[in-house]
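> I am attaching a structure below and will ask some questions about it afterwards.
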Ligand code: ADP
């Protein structure tokens, strides 16, 4: 199956991806007001801090009686001015964090809502193509990356650029010569940052990939721990995991070596620049062309600027990561929905079903035509058993009846109208399913039954449970309907889960019913209870039963035998069995359904 592993794609900061990043900005649009306040606070909190080196220099000059500005001629004044700068900076920093959080938290919650809404509306074919674990990570990990980007990275980017530009401007204004001297180190820093940065990112990705592989080993092994034990392969698994970890360590150490070299180089160049400034600056001080205070503020500005350059390197990496996350999120948002989530009601369906020359191949396996012209007519209220070899397309017909997939050619006609013309959600409300393997959600029994109709009253839930022969076992639990089921709740037996599913279907009250009989036999008592409940459920509804039991088949109004992608035979049990060479007779003989 062709999988689109966009996670592997290397994000690039080209025009298209910036366009996509913009697509995420639209989620911030409703919070423009807070965003503007955040930007203003950010501007002040960053720029006010630039007065800090200047005032520190003034403090030293004032102490030496060399103050150049009259109102800073007193040490207390300079001290107070410094405290004032810090205070204003703190207030604006607080405001910046708060306002950006308002924008970010709301925008990201909106994005998650939209993604989830999209997940609900995507067709089954989408879920055939994509692994659920990977989809899950889009709404969790990818959105978390974006959250980081918009809360810190963006603010940091603006802050660092402002510091850099304003810092250099201030330096030029105070002493152009010294500034040029310092700026000489920039090209070296930038070139090294770009070259090394690229290399290090590649190695980090290698580490992450190796770690992901190691994690997959754990995940898969834990999922099939029983098999590991059966084959007594514990040691083999430990070795397998251990060797994947060795690879992680190998790549991580290589990456760390380069990172270490990179960091020490940057520190060397930065501090080399500062030493140079100190050295040349001290010379200027000795010549009397600048004061000690000037030199101090100069060195402090240089440190600020150096910090900004270092910070910008990190930001580049973070933005690249954000573009990757954006692409993955956008891919979901742009995927085609099977419907808009609107719940146009279809008040009633009679339940007359006609499949007319239905041809169908799954979108993920277009070369395999599963249905090759199926014709089948089921009248309102009839019970039709669908039989045929495993893999013959019985479940596929059930999928098409629920309109999980588009039919390639032919038509599904319900009450004389093509099902395509019905609103999808409205239509599905009239189709109920009791599946082979019933999945219960984590929650109470009552909640699980009410899944059939979330608006049902407690009394209706109890009533449905009663009709589904489930009341007795539910009441045998100390907590009754409030008993927790699902992964961390009480484990229900197969027969009990089926009766919950039947109660669900009763609450849903559909005109059309699809029953997928369990292949594994229940114990006789459960079987009887489930059978009775199913009879109650089927009353007055059109039922299509994917049948595995002879008793069900015998009781059906019609039996349709599916073979080679078509309905080969149709009729009652006695009629079909009469033809001893027929497909049905052979199926029954071999018990192959
Ligand atoms: P049955 O219910 O009669 O056992 P199915 O309808 O499940 O048969 O399967 C019919 C064929 O369609 C099989 O070859 C099966 O592998 C294929 N198939 C079933 N579901 C899918 C799917 N979601 N994607 C691709 N192929 C599928």
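Cβ coordinates are placed from backbone N, Cα and C, and glycine is handled just like the others.
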> TrEMBL tags one of 220-239, 240-259, 300-319, 320-339 as transmembrane segment - which one?
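It is 300-319 that TrEMBL describes as transmembrane segment.
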> Examine the ranges 121-140, 261-280, 341-360 and name the one recorded by TrEMBL as transmembrane segment.
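Of the candidate stretches, TrEMBL labels 261-280 as transmembrane segment.
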> Cβ pairs under 8 Å with the transmembrane segment (300-319): which stretch of 35-55, 75-103, 157-174, 180-200, 261-280 has the most?
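Answer, by Cβ pair count: 157-174.
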> Counting only residues 6 or more past its boundaries, what in the same chain has a CB within less than 8 Å of a CB in the transmembrane segment (35-55)?
28, 72, 78, 81-82, 85-86, 88-89, 92-93, 95-96, 98-100, 102-103, 155, 158-159, 162-163, 166-167, 170, 296-301, 304
